[in-house]
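K.L.:
Residues annotated as NAD(+) binding site in Swiss-Prot, with experimental evidence given as evidence: Gly13, Ser19, Ile20, Gln40, Asp64, Val65, Ile92, Lys163, Ile192, Arg193, Thr194, Leu195, Ala196. Marked as substrate binding site by Swiss-Prot: Ala95. Feature annotation from Swiss-Prot assigns active site, proton acceptor to Tyr146, Tyr156. Swiss-Prot lists Lys201, Arg204, Lys205 with the feature site 'Involved in acyl-ACP binding'.
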Amino acid sequence: MGFLSGKRILVTGVASKLSIAYGIAQAMHREGAELAFTYQNDKLKGRVEEFAAQLGSDIVLQCDVAEDASIDTMFAELGKVWPKFDGFVHSIGFAPGDQLDGDYVNAVTREGFKIAHDISSYSFVAMAKACRSMLNPGSALLTLSYLGAERAIPNYNVMGLAKASLEANVRYMANAMGPEGVRVNAISAGPIRTLAASGIKDFRKMLAHCEAVTPIRRTVTIEDVGNSAAFLCSDLSAGISGEVVHVDGGFSIAAMNELELK
């Protein structure tokens, strides 16, 4: 019996088998969780249904987090099969491509700023608000962040601001929902080659640098993140809330390791 046996968890953001969300879903399935999934549009529906079936689930629901009505409809549909459940994984982030290249001050626009914060940060609390009455005591909400929330990363630009907003969201949500027995955390994952990451200029160079200077001398995998996510959504982490847990091989704690390469 796995340490998530008896838990019902909704997973968003599965786009391919390279997705961090897929690694999370795999780990949660292995540990006995019953899973449900969302997809953004019809283009992704068949793919997500296939992945869900591989992980023992037939609950696959459409949800566009840019629309409150879509979020409400999704949870209404979920409530027909799960009147109560035990949390969700928010693995959603987006900024227009022209915002993720070059000088931040020159690249950022009012519209790009709004879109990045709406999709990448506000959607997390919007989902929590919509399903609050459905969450069992002991539930856990989890989102995915990145070091760009704390440091200026080349080409990450407005997404760094959106992730900083998301991390603040985690703290405020944890404080607000804690009395109901709901925990809220984030994982700040190291760079991983995913479809989303491919939109960041020079991402391969970032990966190579990270691998060379990270204390464990490798980049993390979706399995690494998945295992940590399963723990954070389980009762094993019952005392952890409002935290941003770095799953990056120690990259975020090191300085000047590049000197060893010269």
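Any Cβ shown, glycine's included, is placed from N, Cα and C.
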K.L.:
Across all chains shown, how many C-beta atoms besides its own are within 10 angstroms of the C-beta of Ile20 (NAD(+) binding site)?
P.N.:
27
K.L.:
Inside 10 Å of the Cβ of Asp64 (NAD(+) binding site), count up the other Cβ atoms and send me the figure.
P.N.:
17
K.L.:
Using a 10 Å cut-off, grab the number of neighbouring Cβ atoms around the Cβ of Arg204 (site 'Involved in acyl-ACP binding'), all chains included.
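P.N.:
Its Cβ shell of radius 10 Å holds 13 other Cβ atoms.
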K.L.:
Just give me the nearest neighbour of Asp64 (NAD(+) binding site) among the recorded positions Ala95, Tyr146, Tyr156, Arg204, Lys205, Cα to Cα.
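P.N.:
Spatially nearest to Asp64 (NAD(+) binding site) by Cα position is Ala95.
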K.L.:
List the Cα distance (Å, whole number) between Arg204 (site 'Involved in acyl-ACP binding') and Ile92 (NAD(+) binding site).
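P.N.:
With the alpha carbons as reference points, the distance is 21 Å.
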K.L.:
How big is the gap, in Å, between the Cα of Tyr156 (active site, proton acceptor) and that of Tyr146 (active site, proton acceptor), rounded to a whole number?
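P.N.:
So the Cα of Tyr146 (active site, proton acceptor) lies 10 Å away from that of Tyr156 (active site, proton acceptor).
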K.L.:
When a 10 Å sphere is centred on the Cβ of Lys205 (site 'Involved in acyl-ACP binding'), how many other Cβ atoms does it contain?
P.N.:
11
